[in-house]
Amino acid sequence: MAQSDYYSNSKASAIVLAISCLIVAASAGSFYDEMDLTFGGERAKILNGGQDLSLSLDQYSGSGFQSKNEYLFGRFDMQLKLVSGNSAGTVTTFYLSSQGAGHDEIDFEFLGNSTGNPYTIHTNVYSQGKGDKEQQFHLWFDPTTAFHTYTIVWNAQRIIFLIDNIPVRVFSNHEAAGVPFPKSQPMRVYASLWNADDWATQGGRVKTDWTKAPFTASYRKFNANANKVSPNSKSTSAENENQAWSTQGLDAAGRNRIRWVQNKHMIYNYCNDYSRFPNGLPVECTRSRFL
């Protein structure tokens, strides 16, 4: 073999090896690696080599998936594109939850609406089986035309809900005042698309139009920068060394952004619902709104 041919072949081999490494790197963290499809049969589909996942709903069933791993604190990012057109009655979700009695849960739920009307973003926090801490928002963009990033930051001090890295809600740890806070039960990541036309759209007044089925929502770019819990113990291991989330709060810019969201886009806050709490608002409602 001529020396020039040798170097040419070596260069080609190096390029092939580099491409192979890129493919391996690109496939890391795919939905195949991270998630189990849990219900709905063929209505839940992993696509594009594991990079995308779609959930569908028809009159017979919805669909869903859950993470293979359990986590105790972390930052969880997911990109979603919600059901387009007439999505009334449908609920698309991205949330964390533990299992069993007295479970903990941190919710993003996306309540569909009739064509031309806005989605409702429903958030809630459960600790030791008790929720009733709802805040709801309308978005400042159409969540059906492109992917947007929805994030849950969960640490021992607070839970932060973010949309495209803009904070929309903070639920702080007020255990010292007797308010339960989710901090000891490992949680999995869950997502689903299901029918809830008995309550989801305008209190159940607008029903699902099954002539528009199947309804489809799309997920991609899941990332858990989090403490992964060992399946055989309660020990945890960091997914990576960048754990800024473990002490994350809101800086001045974050406080300005969350004020804008809550002033302009919040449509329900349990802390303002005096008729629901005639004997006084929950303790945490009297504390600082965000830290």
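The backbone N, Cα and C atoms fix where each Cβ goes, and this holds for glycine too.
Any TrEMBL annotation is an automated prediction that lacks curation.
Look at TrEMBL and you will find E109 tagged as active site, proton donor.
Confidence over the domain 'GH16' (5-219), given as mean pLDDT on the 0 to 100 scale, stands at 89. The domain 'GH16' annotation in TrEMBL covers 5-219.
For N113, the entry in TrEMBL reads N-linked glycosylation site. Long-range C-beta contacts of N113 (N-linked glycosylation site), restricted to its own chain and to partners at least six residues apart, with a cutoff below 8 Å, comprise S87, A88, Y119, T120, T201, Q202, V206.
Sequence annotations record features per position, and here TrEMBL assigns region 'Disordered' to 226-248.
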Cβ-Cβ neighbours of E109 (active site, proton donor) (radius 10 Å): 19
